[in-house]
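Here it is, the structure, as structure tokens.
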């Protein structure tokens, strides 16, 4: 079955899920830049996206939502890891301090 241009336009596909949607956001336009779409994609997905590549430059609203949620989850996990590492270091220093005081008191 042959497709004509009315049925299919490669550039109208979502860059992340490859589905066609009437409501898409451009990665490189003003709103896409304000929403930091490219930064979030690069932070979450091992894909290389540039203005010059030959692939679609838009993302459907469903993928924008998923990207936002995934990015927030990623940031939350990274923040939690930093907090836990700092807490672990504090506990280690506290234990060393208590141990050295115990030795000095003898």
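Including glycine, each Cβ sits where the backbone N, Cα and C put it.
Just lifted these from TrEMBL, have a look:
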{"type": "DOMAIN", "residues": "12-87", "note": "domain 'ZAD'"}
{"type": "BINDING", "residues": "14, 17, 60, 63", "note": "Zn(2+) binding site"}
May I ask you to report the DSSP-based helix, strand or coil state of residue 17 (Zn(2+) binding site)?
coil
Based on Cβ atoms within 10 Å, give me the single least packed residue among the binding-site residues 14, 63.
14
Using the centroid of the Cβ atoms of 14, 17, 60, 63 as reference, list every other same-chain residue with Cβ within 8 Å of it (recorded Zn(2+) site), in sequence order.
15, 16, 18, 19, 21, 24, 59, 61, 62, 64
Within 10 Å of the Cβ of residue 17 (Zn(2+) binding site), how many other Cβ atoms are there?
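The answer is 13 other Cβ atoms.
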Take the Cβ of residue 60 (Zn(2+) binding site) and count every other Cβ within 10 Å, whichever protein chain it belongs to.
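The Cβ of residue 60 (Zn(2+) binding site) has 22 Cβ neighbours within 10 Å.
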Taking all residues of the domain 'ZAD' (12-87) together, what is their mean pLDDT?
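Mean pLDDT, the domain 'ZAD' (12-87): 96.
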Could you tell me how many residues in the domain 'ZAD' (12-87) are helical, how many are strand and how many are coil under DSSP?
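Tallied per class, the domain 'ZAD' (12-87) gives 41 helix, 8 strand, 27 coil.
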